[in-house]
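S.K.: So TrEMBL says this about it:
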type	residues	note
BINDING	Arg23, Glu24, Leu25, Lys26, Lys141, Arg590, Cys591, Trp636, Glu680	5-methyltetrahydropteroyltri-L-glutamate binding site
BINDING	Ile506, Gly507, Ser508, Glu559, Asp674	L-methionine binding site
BINDING	His716, Cys718, Glu740, Cys801	Zn(2+) binding site
ACT_SITE	His769	active site, proton donor
Amino acid sequence: MAVESTPLSPATILGYPRIGRRRELKRAVEASWAGRTTTDELETTARDLRLATARHLVDLGLDAETAAVPGSFSFYDQVLDAVALLGAVPERFRDLVSTGSTGSTGSTGSTGSASAGALSLEGYFTLARGEGDKPPLEMTKWFDTNYHYLVPEIGPDTPIGFVDDRVVREFSELAHPADGGQAVVTRPVLVGPVTFLLLSKAESSAAALRGSHAHSSAAGDEAPDGFDPLDRLDDVVAAYADLLRALAAAGAPWVQLDEPALVTDLLDVPFSDVADAVRRAYSRLATDLSPVPGRDSTDGPAERPAILVTAPYGDLRSDAGDGLALLAGTDVEALAIDLVKGTVPAGPVAGLETKTLVAGVIDGHNIWRADLDARLTTLEGLSALGAGAVAVGTSTSLLHVPHDVGDEPRLDPDLKSWLAFADQKIAEVVTLATGLAEGRTAVAAALAGSTAAVRSRADAPGVVVPEVRDRTAALTPADVERAPYAERAAAQQARLDLPPLPTTTIGSFPQTAEIRRTRASWVRGELSDAEYTTAMRAEIASTVALQEELGLDVLVHGEPERNDMVQYFAEQLDGFVTTVHGWVQSYGSRCVRPPILWGDVSRPAPLTVEWAAYAASLTSKPVKGMLTGPVTILAWSFVRDDLPLGETADQVALALRDEVTDLEEAGIGVVQVDEPALRELLPLRRSAHADYLDWSVRSFRLSTAGAGTATQVHTHLCYSEFGQVIGAIDGLDADVTSVEAARSRMEIVPELADAGYGRGIGPGVYDIHSPRVPSVAEVTELVTLAAKSIDPRLVWVNPDCGLKTRSYAETKESLRNLVTATRSVRATL
Ligand SMILES: Nc1nc2c(c(=O)[nH]1)N[C@@H](CNc1ccc(C(=O)N[C@@H](CCC(=O)N[C@@H](CCC(=O)N[C@@H](CCC(=O)O)C(=O)O)C(=O)O)C(=O)O)cc1)CN2
Ligand SMILES: [Zn+2]
């Protein structure tokens, strides 16, 4: 087998959506979880999907033989896949592991402390979803995206070995398809060893014994003294070496190792430590293992495939150090760099002369059709770097974009001509590769089409709306200021008359299958607008009645009318369009359809007032109006690339500001503006933080500062490691801030107090990511803890986040316990 001679294809992508064009994988996975199908049936569906996808990518122009097609499938998450590959299972799940025969070709368990064993597919899902009293692996945002990965827990004794050859089987199944049809030689994609460990948290042995789990921030806090997951690098690398041997034996010419940890400063690891780890890992994998047969005058087979290391999501070079020079200094055969977010040096880079440079010139994280002419110029300029070869690629995996613009018949044709989803991006990559190899004339028609689309977009009505621009241009510092907090707090208490430790929820109540079915019928035209409104009002009425019965103090309408907290707003604002099939995986089987923000934003009519006012008409308790903030609307949409984000944020903020005024006029005295994505949009490089925090905080304040003194403004943040934005939380100037805190046992409260935060704070006492019902004792303890760390008059009691993904049974019981516990603590104040 002439594996050594396969050069990497000149046109490739770093990854492709795996959920399926019609969310086939989501449906199959959820059916299997619900027990409606067996795991064998799930495996079959997944295999069919992988085969069909690989052949589809070949049809789109990726080469079937030169590893152009990435093997980037996952049942749930690529980081969890690495945990399974390594058998790196936390103590509390160790009973799920079989240590006997694993069915693996290379299950030598290369190193090992505790014996590493393979997880079944059910076991794999159990790590993701928890079971009984065993909480799942924690979930957190993947770089600056709305994708969430599962956080590995690695301790000094965590088993680590090559225990699961799923990747090898997935390669072989496409290289030698059982149906005798088109074979595809893929490039298996794995999280690289350095990134894997940098994203892991230290497993606390104490927590492992208790069966509870260590908290998210300050990983290592409870872990054995001084242990750092990176201490296990040699073990992880040894297991990867075994995997690479197995892939080589199966005939894989290339493998892709993703190392995005190299583009961020946010992991709090000095560059010198990262550099040491990279050098050590890749000297073992790339230098010590032979990529060609017969090295050292032996007749041995190749020991590994050629290696492509990728660094998506940002710039490899920063003030901290030069990650490009670092990678170029290793013996891997190819490097992929992000040329959408990253920059290139002007001159040659030592070490690149023997490597293929995969130039990520097509944006994997946004949906605009590329200016191919400009991108070709960038590609031509890369010759200055002195790489052995240049291939064309995407900046990131295409995981973050929907499948196909052709699937959106309802989009305006002009607008459609400006867009490229995953399949269109593949065509762009292929065109650029042809243009680079054969010259511009070979792709003249495609270049002309791209240029025409870019021009038509720039000139289209709605892209620039003078009235919107005039309004943002006229803003003054006074527009982001409210009266002093003390004055507000007094006016609000006089109006709302709340008890100490007021109880509330974060907004959504369970999105039941019935609500979704009703909306689906309405979207299909089977229900009239009036019938749909009646159904949603009935849902609101029952949610309000439930909250009254439970004895909550500040009620919500429950958000039943929202398909999604961002899509719902985008559907009603000018400047956005939404899609029908544009699903993107957010985590596991959960998907979102990010709206497309294409023009200047304005609000043609009120967005939420009718629903909130209806809820308020049903109760004498205060009802909290519920809006999504400007930063989160941008973070979870595809944003325009022709206007600075800060300016777009101000446009959205002004639309929300008008909504706040309308809510006030409808008699609503409490308004919450959610900003769960404040942390997510934080730039990966520290040098960009001040500017980001400045515009994000300003736009939030712009959206809320029109509120009167007696109107109580709440905000809600979640999915956050708060440390990096703690100053910004104070800067938002909300009267009450609710935050995720149940799993970290309220640690955010003293942190906020130390940072000088002195307004209302609602640390979550109920972890809504799990079906577990918190007991009265547990909530009592958490509330007591919070009231000890900050002035108890500031403390609110609420769940961690909205209840939309929970069932009514759990919700009722949990909220009942929450109210009971609060009353008992109140009695002690
Ligand atoms: N945009 C966004 N990003 C976010 C969050 C969020 O809420 N929104 N939360 C965080 C966590 N991420 C999440 C992402 C998705 C979901 C989620 O529940 N997604 C739903 C889809 C939500 C939705 O758009 N629902 C639509 C469409 C629902 C649907 O699939 N309908 C069926 C038909 C309905 C039926 O007959 O049952 C269909 O189209 O086939 C609606 O309610 O109208 C899912 O994957 O299942 C939850 C959390 C972070 N990022
Ligand atoms: Zn939330």
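Counting begins at 1 with the first residue displayed.
Heads up, the Cβ atoms here are built off N, Cα and C, so glycines get one too.
Caution: TrEMBL annotation is automatic and unverified by curators.
Tell me about the setting of these features in this model.
M.R.: Cβ neighbours within 10 Å of Glu680 (5-methyltetrahydropteroyltri-L-glutamate binding site), excluding its own Cβ and spanning all shown chains: 21.
When secondary structure is read from DSSP and collapsed to three states, Ile506 (L-methionine binding site) falls in the coil class.
When secondary structure is read from DSSP and collapsed to three states, Cys718 (Zn(2+) binding site) falls in the coil class.
Annotation for His769 (active site, proton donor): spatial neighbours Pro136, Met139, Asp800, Cys801, Thr805, criterion Cβ-Cβ under 8 Å with sequence separation of six or more.
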S.K.: Please tell me which one of the binding-site residues listed here (Glu559, Asp674, His716, Cys718) sits closest to Lys141 (5-methyltetrahydropteroyltri-L-glutamate binding site), measuring Cα to Cα?
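M.R.: Checking each of Glu559, Asp674, His716, Cys718 against Lys141 (5-methyltetrahydropteroyltri-L-glutamate binding site), the shortest Cα distance is to Cys718.
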S.K.: Find the longest CA to CA distance in the recorded 5-methyltetrahydropteroyltri-L-glutamate-binding set Arg23, Glu24, Leu25, Lys26, Lys141, Arg590, Cys591, Trp636, Glu680; express it in Å as a whole number.
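M.R.: Site span for 5-methyltetrahydropteroyltri-L-glutamate, by Cα atoms: 28 Å.
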S.K.: Tell me the coarse DSSP state (helix, strand, coil) of Asp674 (L-methionine binding site).
M.R.: strand
S.K.: Which binding-site residues among Leu25, Lys141, Ile506, Cys591, Cys801 have CB under 6 Å of ligand 1?
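M.R.: Listed by sequence, the hits are Cys591.
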S.K.: For Ile506 (L-methionine binding site), find which of the binding-site residues Leu25, Cys591, His716 come within 10 Å, Cα to Cα.
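M.R.: Checking Cα-Cα distances against Ile506 (L-methionine binding site), the binding-site residues within 10 Å turn out to be His716.
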S.K.: As a check: which entries in Lys141, Ser508, Cys591, Glu680, Cys718, Glu740, the binding-site residues, place their Cβ less than 6 Å from an atom of ligand 2?
M.R.: Cys718
S.K.: Sorry to bug you, but what's the C-alpha spacing from Ser508 (L-methionine binding site) to Cys591 (5-methyltetrahydropteroyltri-L-glutamate binding site), rounded to the closest Å?
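M.R.: It is 17 Å, counting Cα to Cα.
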S.K.: Spatially speaking, which of the binding-site residues Arg23, Glu680, His716, Cys718, Glu740 is closest to Asp674 (L-methionine binding site)? Use C-alpha to C-alpha, please.
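M.R.: Nearest in space to Asp674 (L-methionine binding site), counting only the binding-site residues, is His716.
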